[in-house]
Each structure stands twice: as C-alpha cells, then as structure tokens.
Amino acid sequence: MNILILSRNSRLYSTRRLVEAGRERGHQVRVVDPLRCYMNISPHKPEIHYKGETLENFDGVIPRIGASITFYGTAVLRQFEIMGTFPLNESVAISRSRDKLRSTQLLARKGIGLPMTTFGYSPDDTEDLINLVGGPPMVIKLLEGTQGKGVVLAETQQAAESLIDAFRGLNVHFLAQEYIKEAGGSDIRCFVVGERVVASMRRQAKEGEFRSNIHRGGQASTVRITPEERSMAVRAARIMGLNVAGVDLIRSAHGSLVLEVNSSPGLEGIEKATGKDIAGTIYAFLEKNARQGKTRTRGRG
C-alpha cells in the first residue's frame with residue numbers, strides 16, 4: 001500500500017516507528033507536514049498540494065495531528081477523505097474527541113463511567129460547581145489542555161475558587177472534576193485498535209505530582225486489565241468513532257472510570273512498557289480495512 005503520515009516532525013518516536021513498521025511490511029510510506037499542505041476545494045477535482053506538488057494515489061492516511069493544529073490538521077485530513085483516501089481515524093472523530101466537553105457529554109450519554117464532572121459559566125454558580133463534585137480536593141481542567149497541561153489540583157475551597165476565578169478572568173473554559181484520591185496518582189492507558197485493546201500500561205505520577213502523563217515524568221509499567229475495563233475502553237473509542245485510540249482509565253472506589261479518549265496516542269511509552277509492536281498492529285488494521293472511498297462518519301454527535 002501507499003501510505004501517507006501527517007506529522008509535523010518525522011523525528012518523533014511515534015512517527016519514526018510508523019515509518020519503520022510500514023516499510024518492514026512492504027508498504028511505501030511518506031511523511032508530510034500538514035501545515036505545508038494546501039487545498040483546491042473543488043466539486044469536480046478536489047486536490048491537496050504540498051510544496052508545489054499534488055498529493056494523490058494514497059491508499060491510506062495516518063494522522064498524527066497535535067492538539068495545537070487540530071483545526072487545520074483535520075481540514076487537511078477531511079480533504080483526503082473527500083478525495084477517497086482511507087483515514088486511520090476520521091477527521092470528525094478527531095475533532096469530537098479533542099473537545100473535552102463534547103466528548104465527556106457523549107460518553108455520559110452512553111452510560112460510560114466518569115468522574116463527577118461539572119461545567120458552568122456564571123461566577124454566581126462557582127460554589128455550587130465545587131459542591132457538585134464533592135468539594136476539594138478537586139481537579140480543574142482547561143478544555144484546551146493536552147499531555148497534562150492545563151490540569152490543576154485544587155486542594156482547598158479557597159484554592160478552587162481562586163483558580164476558577166482566574167480561569168474565568170482569562171476567558172477560558174474549564175471542567176471541574178472530582179479527585180480520585182484512592183488511585184494514588186496512577187491511571188491506565190488502554191491502546192485500542194479496531195475495537196480491540198491490543199496493549200495496556202499503568203502510568204504512575206512522579207513523587208509530588210498527581211498527573212501521570214509520560215510527558216510529565218510519569219513512569220510506565222505493564223498492567224492486567226479486567227474484562228470490564230477492556231469493554232469500557234472499546235466502547236469509549238467506538239462512541240468517539242475512533243479506529244485507533246488511547247483510552248485512559250482510573251480505578252476508583254466505585255469502579256473504573258474513563259478520564260479521556262486520545263485520538264493520537266503516543267507509541268513510545270506503551271511499546272517500551274509492553275514490548276509489543278503497536279505500530280505493526282496499526283498496519284495490520286490498515287491492510288484489512290483500507291479501501292479507496294471507504295470513508296464513513298463513525299460515532300454520533
């Protein structure tokens with residue numbers, strides 16, 4: 001197959017592994033920077049151009065689109081979909097999962113277990129928002145954050161109110177969420193490919209930190225997940241409409257809960273922790289499913 005990877009940095013571990021794994025399996029693989037792509041939006045012959053050449057005749061496209069370029073990156077991916085190129089994850093599914101509020105509402109609608117979460121606008125409702133999640137300690141998440149950035153632990157009522165006031169003063173939206181103290185700063189990343197959990201790892205926050213993200217110094221190790229957790233991860237990815245997803249779970253006193261569904265999960269932590277060839281598994285999915293024009297909107301809302 002002829003595969004295109006949309007990535008701003010070909011030296012990143014995940015991008016390198018996807019190139020290596022594809023070529024090892026006999027595929028032609030090319031990496032292009034989505035921000036250098038530009039489009040001819042035509043009803044008769046839609047095109048994508050890159051540094052003066054036309055990009056065409058690809059069997060599949062693998063989006064590795066960072067959160068900061070979601071708008072433009074998904075526009076480029078959508079243009080490939082219009083041209084009939086099979087996307088590993090569809091543009092609409094990526095946009096859906098990147099919106100923390102929208103994705104939380106959709107997961108809740110389908111009965112997926114979540115930490116108690118509130119969202120509001122008026123300063124008059126701040127105290128009620130805090131009380132609805134059980135009071136401090138509590139987590140406040142910026143809707144635009146990624147890799148643990150914009151996620152703050154408020155340990156007291158005064159800290160919670162001050163943080164909420166500060167975020168409102170900056171005119172940014174946020175979620176207030178219960179803090180799962182019994183998790184001890186750990187969560188579980190389930191890597192879903194084609195409605196199967198193909199690998200899972202435990203991420204443990206470094207001492208003095210409650211965020212377990214690998215980018216923030218968290219340590220990865222192998223973990224055995226339960227059948228219920230496996231089913232929950234697959235369902236969460238399906239609700240988002242994602243073929244490939246990193247579903248983050250946290251174990252609470254009242255069962256496992258979904259923290260987030262990531263549409264562009266990194267490969268380094270989970271491949272090194274588990275020893276599994278996740279990049280190869282992604283290509284196995286593409287080999288089975290990538291067909292010209294086989295683009296359809298998955299998920300709802």
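Using N, Cα and C of the backbone, Cβ positions are placed for all residues, glycine too.
For reference, Swiss-Prot has these:
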BINDING   Lys141, Glu178, Tyr179, Asp187, Arg211, Ser212, Asn213  ATP binding site
BINDING   Asp248, Glu260  Mg(2+) 1 binding site
BINDING   Asp248, Glu260  Mn(2+) 1 binding site
BINDING   Glu260, Asn262  Mn(2+) 2 binding site
BINDING   Glu260, Asn262  Mg(2+) 2 binding site
DOMAIN    104-287  domain 'ATP-grasp'
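Structural mapping of features recorded in Swiss-Prot.
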residue	record	contacts (Cβ under 8 Å, 6+ apart)
Lys141	ATP binding site	Lys100, Gly150, Val151, Val152, Phe174, Leu175, Gln177
Glu178	ATP binding site	Pro115, Met116, Thr117, Val133, Gly134, Met138, Val139
Asp248	Mg(2+) 1 binding site	Asp187, Ile188, Arg189, Cys190, Val258, Leu259, Glu260, Val261, Asn262
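Look at Tyr179 (ATP binding site): DSSP puts it in coil.
Fewest Cβ neighbours within 10 Å among the binding-site residues Asp187, Glu260: that distinction goes to Glu260. On the 0 to 100 pLDDT scale, the domain 'ATP-grasp' (104-287) averages 91 in this prediction. Remark: of the binding-site residues Tyr179, Asn262, the most isolated position is Tyr179 (fewest other Cβ atoms within 10 Å of its Cβ).
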